[in-house]
Amino acid sequence: MARILVGLSGGVDSSVAAALLVEQGHDVVGAYMKNWVNDEGIPGECPWEQDIQDALAVAKTTGIEFRVIDLVDEYRARIVNYLIEGYRAGYTPNPDVLCNREMKFGVFLDYALEQGFDYVATGHYARRMDTPQGAFILRGRDPNKDQSYFLSLMRPDQIARAVFPLGDLLKPEVRVLAEKYGLPTARKKDSQGICFIGQVKMSDFLRHYLPDKPGNIVDTEGRTLGTHNGLHLFTMGQRKGHGVASPREGVAYVVVGKDVRRNRLILGYEDASTRGLYASRAVVGGISNTLAPLPARVMAQPRYRAKAEWASCEYLEEGKVRLGFDTPLRALAVGQVCAFYDGGKLLGGGFFESIEP
């Protein structure tokens, strides 16, 4: 049996993960990663104190040791700064994906290894498979909860130390197990929002760090349609919130681009022919592969819950590929994470660096 440090978030998924590992006979210790404290007056609830109490109650119920690990400084340096600077530059960051590589299976894993643990376990709906060539990640059994996308930037050495007890379970089965084990989180609602920041709205979070920067809203021909308060408040494909009514009945205006240099938000019609809305090619960099270089044909998933689409894959240089999508993809954004699959097998992931029509 292994010595495993399980990340207890105070939610039902990590609670059941811990209970399963105890039932399997492992030497389990639970730890809450204290990554964020909303002490700067940002609107919204960040219930970390209640989450700690819930995690502690789970540890008592399962009979395991419980620790609170203060990672606030590391989280700010690795995740919050990445998020703020990405939006400042006009990108669309994905803190939840980076959080897994840098925090849960980065700083937290380093702590675990220093403390003599063999593995780190989380409540992700994903599976790990070991082969003679190394370990890789498979999609979770539950197609509605599969979270392998969020693990797509993990390095091979991190995957080898990861345990996902919920990978073969459906979400309803997890709820049933939580009741069976008598866990105090059995009926707790799933959390939403930015990784570890709770119910804080992204717009409120960004406004706290990035002051309004008014600019013009234009159409694809450069005609002025209105004004905006900051490019960081908008994302590609966004239909609402820009305040511009479409002159075409039944066809909405959507965000199709950002001109960062001139601080202009570009709108176009929700139409396949609109320049900038659909992409047939893209360059992906910062690639983290699990086992081997990407093949010439891959399935590319551009965001969580999006369908993975077939694409040609050409290496440009180390860590960068150009994708050619069989079917043009809607509203891709620089900075988003693209995950690569071979069926249900996760091959790795990277960041969109440029988008081509």
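All positions are counted from 1 along the displayed chain.
The backbone N, Cα and C atoms fix where each Cβ goes, glycine too.
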Candidate sharing the ATP site with Gly7, Leu8, Ser9, Gly10, Gly11, Val12, Asp13, Ser14, Gly123 (per Swiss-Prot), from Met1, Met33, Met103: Met33
Rounded Cα-Cα span from His124 (site 'Interaction with tRNA') to Gly11 (ATP binding site), Å: 12
Residue from Cys99, His124, Gln336 whose C-alpha is spatially nearest that of Gly7 (ATP binding site), among the recorded positions: His124
Cys99, His124, Gln336 screened against Asp13 (ATP binding site), Cα within 10 Å - retained recorded positions: His124
Euclidean distance between Cα atoms of Ser9 (ATP binding site) and His124 (site 'Interaction with tRNA'), Å: 12
